[in-house]
Amino acid sequence: MNSRFFAVVPAAGVGSRFGSHIPKQYTSIAGQAVLLHTVQRLLECESLAGVAVVLSPDDGYFKDLVLPAWAKTARLQVLYCGGQSRAESVRNGIQQLMQSEKVAANDWLLVHDAARCSLPTQALQRLLAVANEACQGAILALPVADTLKKQDARGKIADTIDRSGLWQAQTPQMFRAKALQDALSIDDLSAITDEASAMELQGIHAQLVVGDVRNLKLTLAQDATLVELLLDSGTL
């Protein structure tokens, strides 16, 4: 059987740096919740067999702000098994998908940030295009363009970092389901910052696929202005 593509969206966080009274994935941008935009961007890709959203067990927003728009969509799976960290949420989500046999061991999982709601279609297609038997995994990323400075204890410049060969990771990050499940099946997930870092600990190094500057992650409140312009532009 051919391997299929599934997206997994960990959305159990609270986004404390965003400064909102509700989790940032539920704040309204361009007329609807951030997470609804994110889910829509993924479901519009016909190459994806399904999209699984991993929520906190006590989530009280999704059913009102996101689900009504896609309630009749069989490709959307809602999993109330989110953990204390992104890595734990992804691990729990994969476990449920594998146990329910909705996802096979050799299927591709594309883990995507809930707060990246302006994922361009072409960037997603570039990522999917590298999936083959020889590929162990791939992520969207951008070469670092700005000069990097290292700070000392006084808040002054300690050094200038050579940016040659440095890339800024984005999402989705794509790996085989069983391989990613195994990589996340460790006791201490504190050092895992993204799926690629978990795979690196297993000796698997993902391919870098050129992402897109428009694939922004909402982190601070001021990010919302630019993301809203992108969503309203109709150019994604």
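Just so it is clear, glycine is given a Cβ too, placed from its N, Cα and C backbone atoms.
Record features, source TrEMBL:
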- Arg17: site 'Transition state stabilizer' (SITE)
- Lys24: site 'Transition state stabilizer' (SITE)
- Arg163: site 'Positions MEP for the nucleophilic attack' (SITE)
- Lys217: site 'Positions MEP for the nucleophilic attack' (SITE)
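Lys24 (site 'Transition state stabilizer') is surrounded by 26 other CB atoms, counting those within 10 A of its CB over all protein chains shown. The secondary structure of Lys217 (site 'Positions MEP for the nucleophilic attack'), as reduced to three states from DSSP, is coil rather than helix or strand. Under the DSSP three-state reduction, Arg163 (site 'Positions MEP for the nucleophilic attack') is assigned to coil, being neither helix nor strand.
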